[in-house]
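According to TrEMBL, the feature active site, proton acceptor maps to LYS40, TYR270. Per TrEMBL, N6-(pyridoxal phosphate)lysine is recorded for LYS40. Residues or ranges marked as substrate binding site in TrEMBL: ARG138, MET317. Positions annotated as domain 'Alanine racemase C-terminal' by TrEMBL: 249-374.
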Amino acid sequence: MISGIHRPAVVKVNLAAIQENIEHEVAHLQAGQKLFAVVKANAYGHGAVPVAKTALAAGASGFCVAILDEGLELRRADIVEPILVLGVVSPEYAPVAAANNISLTVPNLEWFQEAEKALKKTNLKLKIHLGIDSGMGRIGFSEDEEFVAANKFLQTSHSFEIEGMFAHFASADSADDSYFQRQVAKFEHMKQLLLVKPKWIHVDNTAASIFNKAVHSDLVRFGIGIYGLNPSSNPASADLEPAFALKPALSLESELTHVKTIHQGDGVGYGSTFVAEQDTVIGTVPVGYADGWIRKFQGFKVKVGDVYCPIVGRICMDQFMVELPEKMPIGTKVELISADPTAPNSIKKAADYVDTIHYEVACLLSDRLPREYYRK
Ligand SMILES: *Cc1c(COP(=O)(O)O)cnc(C)c1O
């Protein structure tokens, strides 16, 4: 996809905030614990390589990604630290992972057998982490019998090096920890069945780590916290307070490209969902749903100059319109998302407005928006 460098619309990322968030988490780790920076999905929209390099400078020991290609992107950027793919990679690509020293997750016994067939043709040895489904209901071993069989398989096979075993929490961000405790118990049980002891047994995501749920984990898979966002983001429940302040890194900025006064009866946008009742000043912003600025943001207030102005009319693919209090010059700055967590257009407020979580708002920002990096 083409990145629009000749259009005034940019995702700005404060690398100093990212560095600080990781440094705080590193200081907060239990003795001996390591931090793996989760940079899947282009580092939650922030840009995988710049975030990964900042994470290393801040004390990260390795990385987690969701798909093999994201791991390869880091290797191409000369990152040599451990990389774990959290999702299921088709076993036929096990040799590609092994050749690039990328660790894969084993979701079940059948995967092992298929991956071994592929690896045997090459003489390569693959590093693996055993995935455990302790209650997330997504991937990994959940039955004792299959897990023991996989362990026995590992003992006889020469194609694999066991590096880790992990599970993922479904509700570490919730004040009610009954399901969390059930997942902990299931994981502890599966641990007892291990026949080979991996280097890293891990369960912590950002929420489990910063809300001090105090379970043993050799490494923390630190994701959303990197970006300065509180994982406790359910609009229906009060936020849990993290153990240290998080500093958001991302803002989304553009400019007015067109300003005009419309008159009574004039409509704005597809379907004319906004019709002027009197003379009204309308500004146009060159960002739309193709940039990930979805149609549900209609009515949300963005900051134009110093004023919060409502989006009027339907958001188009590439542009949207705002109602201005008065004529403003073309080129006036428009801040769609602020990095200030207390601003009315913070990413959390934006996510609440469209009934989702800030993870999703950040990930949706498309490659058409260039990423610009600064330190402040
Ligand atoms: C995405 C993910 C993480 C990171 O979660 P955050 O809530 O962003 O910290 C950790 N582990 C797994 C398995 C994941 O898929």
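The backbone N, Cα and C atoms fix where each Cβ goes, glycine too.
Annotations in TrEMBL come from automatic prediction, not curation.
Cβ-based neighbour count (10 Å, all protein chains) for ARG138 (substrate binding site) stands at 14. In the shown protein chains, 19 other C-beta atoms lie within 10 A of the C-beta of LYS40 (active site, proton acceptor). If you measure from the Cα atom of ARG138 (substrate binding site) to that of TYR270 (active site, proton acceptor), you get 40 Å. Rounded to a whole number, the distance between the Cα atoms of MET317 (substrate binding site) and TYR270 (active site, proton acceptor) is 11 Å. Note on TYR270 (active site, proton acceptor): other Cβ atoms within 10 Å of its Cβ, all shown chains, come to 12. Applying an 8 A CB threshold to same-chain residues 6+ apart, the list for MET317 (substrate binding site) reads GLY288, TYR289, ALA290.
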